[in-house]
Amino acid sequence: MSSRQLDFKKSFQISIQSVLTAFSKEDVHGAFPKCTNSEKESLYHLLIQVTRTLHENLEEQFESTCRESQVLAAFDKIEQLVEEQKLDILYANETKVLDAKDKLLKVKMDELQHLKSLLQKVEEQNSSMETKIQSLERRQDSEEARNAVAKLWISNSILHGKHRA
């Protein structure tokens with residue numbers, strides 16, 4: 001019989017015993033003040049007999065109910081599951097595994113956030129570089145336009161200079 005079954009039965013026996021023996025010889029004598037002492041003694045002994053019989057009947061009924069409802073089999077199954085869990089290494093380390101999982105998840109989330117931040121910085125730098133390139137292209141276009149205008153002036157002045165001569 002498992003310790004859980006024994007504890008269960010002991011608890012029941014203690015509870016009915018305390019209920020059935022809750023009164024003393026003096027209580028019985030005080031409850032029947034008009035009876036003689038021998039009648040009070042007889043009543044007390046009768047009460048003890050009734051209490052014992054009631055106690056036995058309650059215990060038998062308790063045992064019968066436990067068998068019918070398979071309470072003791074349930075305790076055996078609970079005991080078996082508890083033993084299996086004690087032997088299960090993963091169960092014993094379940095909290096450690098869960099803690100490690102949580103820590104790993106946090107580290108990965110932090111790393112992901114860091115990578116997102118780096119990506120945003122690179123995108124901002126690319127945007128800035130693109131703006132600078134566009135500005136340089138406009139400047140280069142302006143410079144090329146100035147060079148073209150200068151060449152036109154030179155060509156024009158050569159043409160005008162030859163033309164005048």
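Counting starts with 1 at the first residue shown.
Using the three backbone atoms N, Cα and C, a Cβ is placed for every residue, glycine included.
Not one residue of the same chain 6+ positions outside the coiled coil (105-146) places its C-beta atom under 8 angstroms from a C-beta of that stretch. Residues or ranges marked as coiled coil by TrEMBL: 105-146.
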Mean of the pLDDT scores, which run from 0 to 100, over the coiled coil (105-146): 87
